[in-house]
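Right, one structure below, let's go through it.
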Amino acid sequence: MQANFEATLEYAQSQDQVDFLYPFRERFLFPQHNGKDVYYFCGNSLGLQPKSVSYLMNQELEDWAKYGVEGHFQARNPWFSYHHNFSESLAKIVGANKEEVVAMNTLTVNLHLLMLSFYRPEKGRYKILMEAGAFPSDQYAMETQVRMYGYDPEDAIIEMKPREGAHIIEEEDILAAIQEAGDSLAVVMFGGVNYYTGQFFDLKRITDAAHRVGAYAGFDLAHAVGNVPLQLHDWNVDFACWCSYKYLNSGPGGVAGAFVHEHHGNNPKTFRLAGWWGNEEKGRFKMEKGFTPQKGAASWQMSNAPVFNMVAHRASLDIYDKAGIPALREKSLRMTAYMEYLLKDISHLPFTIITPAESNRRGCQLSMLFAERGREVFDKLTEAGVIADWREPNVIRIAPVPLYNTYEDCYRFYEVLKEME
Ligand SMILES: *Cc1c(COP(=O)(O)O)cnc(C)c1O
């Protein structure tokens, strides 16, 4: 793939000219630096705002003004069934049936709710396997889940670490650890793509290994959703959750998502904490005693849809529907390889790329680990109008996002680094 890359502006611009996704950039608002769009490489942390959001937001405000409570049924996008507007798009993005996905709550809340269904420790089977150094929210969530049932996290949580001196986790080690935990393992709860290194795990292999020992497999897809191709249904993943404000561009604190495999979601015996919005729709307003879960992941909903919070999500998924995951992945593979090619040409700054080099083991993020001067380089990038992401103690993460980044952006980033003393 790298054979014909060139580290020149002309080459980068020529790639943009033949990129059929290039016009999608026009659909987003870019922060400004000295009167120009910034070079934005932070879509892994907070995606940009689609231009259509303010118009669509205004439409809901108008409908609220015009209809009041009648808006539940009269609004142009009736609020009663507003969450249905996401099923089809989300199903395509995560590789699921429509009934297996739902947009609701926020990520960590969904993680807890799904653990309440899938982490049901019993005598002997009570352990959770996760990444060491997982995103802090996930660590806190797992610790408090095991404590809730009276276990000691030191004993009940198995943490997978990279080997001595390595940065990424060997998949063989994960599979071996699952095997070794055997009957004691209740749930494997892993990130889909590690937030720090950008490593994309083989979710199918991990799921198969978990099932072989009788455990469930669930994934936090915060850095995977909208970034890498997923087939949650076919891989037999039991549950998953994600946020929508990173690659999915749905705004800070935007509504999150959840996946529950139909084996569980369509089984009324699967335990779930209930609220009225998870009840069968036809019985919802009867106000009767007794919870009857509707089919699928939607039965995990508790409350009525936070419509204003969901508007940006809908705007963003419209764009995903048009671009499509296969085309996005194709561009992402190529553009990330180009960025990597450029970075390898920089020899005067003390960094190494710790993200896996194999394209099927990463999304678009590249993590640059600095031996020294990391923070200084980051600050100089910021001064030059580049928005990247700094992670303590010494990593700069950059994500050339296929929806709105360009080959020229990658080249400009390289140019700033190249000219740095
Ligand atoms: C971004 C991220 C979160 C953030 O959780 P919220 O509940 O959305 O605040 C949690 N876990 C992972 C792995 C993340 O990348």
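Using the three backbone atoms N, Cα and C, a Cβ is placed for every residue, glycine included.
As the structure is a computational prediction, the values presented were derived from the model and not from experiment.
Marked as pyridoxal 5'-phosphate binding site by TrEMBL: Leu107, Thr108, Phe135, Pro136, Ser137, Asp138, Asp220, His223, Tyr245, Trp276, Asn304. Spatially close to Asn304 (pyridoxal 5'-phosphate binding site) yet at least six residues away along the chain are Trp79, Phe80, Trp276, Trp277, judged by Cβ distances under 8 angstroms.
Lys246 (N6-(pyridoxal phosphate)lysine) falls outside any helix or strand according to DSSP and counts as coil. The Cβ of Lys246 (N6-(pyridoxal phosphate)lysine) has Gly43, Asn44, Ser45, Leu46, Gly47, Ala222, His223, Val225, Gly226, Asn227 as same-chain neighbours under 8 Å, each 6 or more residues away in sequence. According to TrEMBL, the N6-(pyridoxal phosphate)lysine annotation covers Lys246.
Taking Leu107, Phe135, Ser137, Asp220, Asn304 as the candidate binding-site residues, the subset whose CB lies under 6 angstroms from any atom of ligand 1 consists of Leu107, Phe135, Ser137, Asp220.
Neighbour count (other Cβ atoms within 10 Å of the Cβ, all protein chains): 26 for Leu107 (pyridoxal 5'-phosphate binding site). Taking all protein chains in view, 15 other C-beta atoms sit within 10 angstroms of the C-beta of Ser137 (pyridoxal 5'-phosphate binding site).
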